[in-house]
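Written out below as structure tokens is the structure these notes cover.
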């Protein structure tokens, strides 16, 4: 049993789909935040997922959560297909850096993206430092 737990921890660390729960019962949307200033996962970063609603062009908050010890936020959406549309991940970078006694040039980061194929899975990584950030569509 102990060896199984260690194997699962190693799989999570190495990014194995078995280790991080990417099977068909997991969220179709994932994110992973890395603190490039420290070279470590960004643990405890508050983020919010929203979807742009057609009526009135208003953002509807779907989930507010925090990154785990691996910089990931499991369960952003319930298992199954995503609804096609425009989504936004908002990251509270000011709060994250403030907890670490660090000033930040960017108080928040918003990543807006469009989903057209509801059958696919989407991964939105964020590489973060107090003075810069970058994101891309991951796999």
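The backbone N, Cα and C atoms fix where each Cβ goes, glycine too.
Features reported for this protein in TrEMBL:
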type: BINDING; residues: 32, 72, 136; note: substrate binding site
type: DOMAIN; residues: 24-138; note: domain 'Transthyretin/hydroxyisourate hydrolase'
For residue 136 (substrate binding site): intrachain residues, at least 6 apart, with Cβ closer than 8 Å: 125
So, by DSSP, how many helix, strand and coil residues make up the domain 'Transthyretin/hydroxyisourate hydrolase' (24-138)? 10 helix, 54 strand, 51 coil
